[in-house]
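Let me begin by presenting the structure, written as structure tokens, before commenting on it.
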């Protein structure tokens, strides 16, 4: 009994250290994001005339948007992995981000380019919710995890094809601009998008408090039902929350992949499998990672800005390679293709209590 209490105490201390370290990392990247640019502006010059223009009018709204979108994407990935009991589930791979893009482009086409920004944002949210509910219906048919992933990838390909055809045959300059925007970027974010940032805050806070039902869901459908969790209610609530976060994120910055996949994976490999710790850690790490990618996108080229989706994809490739090396380092035999995701996921689940 004493050994169990000691182990629990050590886990709590380790979790606190991780959260403290991630908070410190976020503060450092936040400071660099505000200072860095074509002109380096140290904190001592933020109240000058130059600082009020570059910091308060240009860099601050962009930095806040990056922070919130990074936190939302990482949280969405953690939720979908628990919801679908699959470590490969994330908004980009399962087509949710592309669904938001289809909703956005449909709004531009049907609205003849005259719809206000809030209407475009709502259409992006609707597209993300639609794809997520379709995936949930597939999940209820008790498909294997590999088949469910294939269904999500197929939906994403269909949505991507629809966006490509719409842009290719369009003569609208706005729609061609959207195609570049769908590669991800925060270049056009200013204080006019503040309402989208505010729309993310209540959902982020609510999701971060739902650690107990997510722990139960991660244990599996049968175990969660035996422990008294109303699956139909929590599935719908979490689907709506995920679709809302992804839709608002796409409306703010376009489709940004791999944050929702890589961040929860790395944190679980570091031992943060309990959602009481994993959810706030995902918020902090996702915000820090996307802030770092945005800094690289801004500073990598002198005459232009890289799409942030290109930067996150490049960084994620190395991170995923490292995760595969860690997973494969134990020397155990590879499981069968139909059960690999579930077997890889179950040991990472902590107690829901």
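Positions of Cβ are set from backbone N, Cα and C atoms, glycine also.
TrEMBL does not curate its annotations; it predicts them automatically.
Per TrEMBL, these features apply:
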TRANSMEM  61-80  transmembrane segment
TRANSMEM  92-111  transmembrane segment
TRANSMEM  117-136  transmembrane segment
TRANSMEM  148-171  transmembrane segment
TRANSMEM  191-209  transmembrane segment
TRANSMEM  237-266  transmembrane segment
TRANSMEM  278-297  transmembrane segment
Long-range neighbours of the transmembrane segment (237-266), counting only residues six or more past its ends (CB under 8 A): 65-66, 68-70, 72-81, 83, 87-88, 90-93, 96-98, 100-101, 103-104, 120-121, 124-133, 136, 181-186, 189, 193, 196-197, 199-200, 203-204, 206-207, 210, 213-214, 217, 278, 282, 285-286, 289-290, 307-309, 312-313, 315-316, 319-320, 323
Sort out the residues at least 6 away from either end of the transmembrane segment (148-171), same chain, that have Cβ-Cβ distances under 8 Å to it, and list them. 84, 86, 88-89, 92-95, 97-99, 101-102, 105, 109, 127, 131, 134-135, 138-139, 178-179, 182, 341
Positions on the same chain near the transmembrane segment (117-136), where near means CB under 8 A and six or more residues out: 83-84, 91, 94-104, 106-108, 111, 148, 151-152, 155, 159, 192-193, 195-196, 199, 235, 239-240, 242-244, 246-248, 250-251
